[in-house]
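Here's the structure we're looking at; comments come further down.
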Amino acid sequence: MVERTRTLGFRVAFALGLGTMIAAGIFSLSGTAVYQIGSSAVIAFVIAALVASITAAAYSEFASIYSENGGGYLFTSRTFEDQDLLTYAIGASLFLGYTGTTAFYLATMDEWFFLFILPESVGGVLPRGTVGVIAAVLLGTLNARGTEESGTFQVIVTAAKVAVLIVFVGGALNFAGPGQATTTFTGNFGSVVGQSTDILSVAALAFITFFGFSAIAASAGEIIDPKNTVPKAIAASIVTVTVLYTFVIVAMVNTPETIAGQPRAEVLQAGETAMGNVAAAFLGPVGQLLIVAGAVFSMVSASNASILAASGIGSLMGRRGHAPRKFSRIHPDYGTPFYSVSSATAVIAGLIFVFITLFGHHGVASAVGPAPSLGLEPLTGFATFNLLVPLSVVNLTLIYSRRTKPDLTRGFEMPLVPYLPILGVLANIALVYKLPTIGVIIGVGLTVLVVGAYLLWGGAPEADELVQEAAGERQVVSLIGDSGDHALPSVDDRFTVLVPVNRLDRAVDHARLASRIGELYDAKPIVKVLNTVDIPDQADSAAFLDMAEERMSRLEGDLAEIEGEVAADLLAEGHVSRDVAFDILQTAREDEVDRILMGIPEEHPHITEKVEYEAPCDTLFVGGGNRPRDLSRVTIGAGGGPHHTALLDLAERLGDVGSRIDVVSVDPEGKSGIAEDVEPTLAVFDEDEDVHVHSLTSENIADTLVDQAAENEATLIIGATRTRFLRQWVFGSTTDRAVSIAENRGVPVIVYATAEAGGYRGRLSEAVFAPYRYLRKHL
């Protein structure tokens, strides 16, 4: 069993939480807070810190139990294991909360760019939100491609953020003098009772600045001794950032009466950019530049952490069946949850576009006519609502966990349970009540929408429930001809072919063919035969284990008969699964195979289609009549497209080892297709290879290809075509017709599908190619 290596100590965990908290919140909210309630802003920030601390204590206890990544969604799903709707709602809300938080960070950064960085000639043309959307796409791309921060780098980044705030506070104290600064601060407190409503409103907005504690719990899977380290790091980061924010408020209260001709109140009222203007008064142009650069850097860094958190939740939801399973898929090249990161990025960009570009204070909608006004505060309300509600549930979840699972080992225990968690719930609800109404309405509406979509969809089984190993991997035939239960061969750097089989009578032929193909790439290939027993959704998988074991025994016996005939190591493994295509794809990804070779499931074409589109490697589908054995004679077409181009490498390797290659170029008559240039196909072969070209005219390309293969007693190898988008064929019209005709004629056929043409790009390419092909033929 492979276990995660824990590498993050207290120093890095503390820096992770502190660095995530020092973000757009303090840079954008400090001006608004001081403008509304003066020095009482400190009280508001302390209230927000205390409310966050209650839930942080619950997070700490759960993190000491479940030392894995996932945060509040993980804690809820582990505690309420049978409450799919509840756990989905929490996961979806946290996903929206993290993406909303990131959108808030980047939208604030966008405002700083327009005010302090972009030339007026540029800023006057670009719509607001442009910089934020571009930054979201760039950060999403970096995360999708696997860019990651080391622990040391995180410490350096956090130290730089703290240094920026210290410089700002130091500039204020130097400008006003420590004594005068203290006097101004203490004299700027209003009546706490009279300001209570405004204080709570500011506290509600400020809560988002303290949510960084969740980044520590979300990374519990990488933290050394998480049961002790996580609670200490969370407590230390909240206390430290509260002290820092207090000094920032002191500095903001000491803002001069006028800055660059603007009254103090107007500067503070600007809100999201007030701190940058105040920095100019304290530190001059150079100091202002430093603060602006530090603020932008802080927002980008915190946004990156939030994207990671959102994509982590999306990935876990995909694995648990609460989101499309693709969300949990790890990209074979980048090693990241590519679809989850991409989805999070799209949501972030969409939120910035709606709240800022369309309906912000400078939004394009307002230039056209009357339109609703959103902006940063409603965006903050939207994000904070989608954090406070699931955090309230986490507090209740802790109470439930204590009562129903008292025997769990808890490295840290939250004090005063159930009273403190209940207080946390009430405090969270109170803050929700004080959030901007329009932000809460949008948050409620979007949450209801995604929950409704889940109810219509119905969810999916957990990935761990889809497949169960019925018979462990065993070596059947080795290179030296031995068979038995000795040590499995190392597959590192060896060409591996996965051979999924359902009909056991085809297993030997397919294994033999896979070995032959593997030899073209590696002198010592691996052929792994996978037998998957398909079980109904309603059935208990345990009832099918005996059947799977019996099939495995038969499979081993059949494969042992070709001992001495194949040059590959043969491995066999048995699974039971509720989703055969998922099992094939998951096995291919986990084993990092180089090719998949399988039959064409006549009764389940969806398996073929899913494997073809989503396989991490090239796939060979074997069909037709007699099963191909040695590939000494091969017929290929003169087609084009990615699948045909990919199969030419296989054909060229066969030609290198002496196989006869017949290239059939068909000039179609009537409306049966368009002629393809044969020269690109011939260009891959050397002059000394046994290659024969047949130029023919026919009304039916598929018929002609099969006829030539039959005449030459050859195996037909044909690429999946690019015209499936407008047709109900599995591989494409010509290919499917060829497979059907070959089946009737007793001609073996291999359909070659390359992974390069799979996924969404492949489907998009087909959609574009179909009209292109039509225009090329008729214009």
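Just so you know, glycine gets a Cβ as well, placed from its N, Cα and C.
The feature transmembrane segment is assigned by TrEMBL to 12-35, 41-64, 85-106, 112-139, 151-173, 199-221, 233-253, 289-317, 338-359, 379-400, 412-432, 438-457.
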For the transmembrane segment (85-106) and the transmembrane segment (41-64), does the number of C-beta pairs under 8 Å, pairs 6 or more apart in sequence, reach 3 or more? no
Lying 6 or more residues past either end of the transmembrane segment (12-35) yet within Cβ distance under 8 Å of it, the residues of that chain are 41, 44-45, 104-105, 107-109, 111-112, 151-152, 154-155, 157-159, 161-162, 165, 202, 205-206, 208-213, 215-216, 219, 223, 229-230, 232-234, 236-238, 240-241, 244-245, 248-249, 252-253, 255, 265, 267-276, 278, 295, 298-299, 301-303, 305-306, 376, 380
Among 151-173, 289-317, 338-359, the most Cβ pairs under 8 Å with the transmembrane segment (233-253) come from 151-173
Taking contact to mean 3 or more CB pairs closer than 8 A (sequence separation of 6 or more), are the transmembrane segment (151-173) and the transmembrane segment (289-317) in contact? yes
Which stretch, 112-139, 199-221, 379-400, tops the Cβ pairs under 8 Å count with the transmembrane segment (289-317)? 112-139
Would you mind listing the long-range same-chain contacts of the transmembrane segment (41-64), meaning Cβ under 8 Å and 6+ residues beyond its ends? 30, 33-34, 71-72, 74-75, 192, 199-200, 202-204, 206-207, 209-211, 213-214, 216-217, 220, 226-228, 230-231, 234-235, 238, 241-242, 245-246, 249-250, 252-253, 391, 394-395, 397-398, 401, 410-415, 420-421, 423-424, 427-428, 431
Where among 112-139, 412-432, 438-457 do we find the most Cβ pairs under 8 Å to the transmembrane segment (199-221)? 412-432
State, in range form, which of 112-139, 379-400, 412-432, 438-457 has the highest count of Cβ pairs under 8 Å to the transmembrane segment (338-359). 112-139
Tell me if the transmembrane segment (112-139) touches the transmembrane segment (379-400). I count contact as 3 or more CB pairs below 8 A, with pairs 6 or more residues apart. no
If we skip the immediate neighbours and take only residues 6+ beyond the ends of the transmembrane segment (438-457), which ones have a Cβ under 8 Å from one of its Cβ atoms? 85, 88-89, 92-93, 96, 100, 322, 372, 374, 377-386, 389, 432
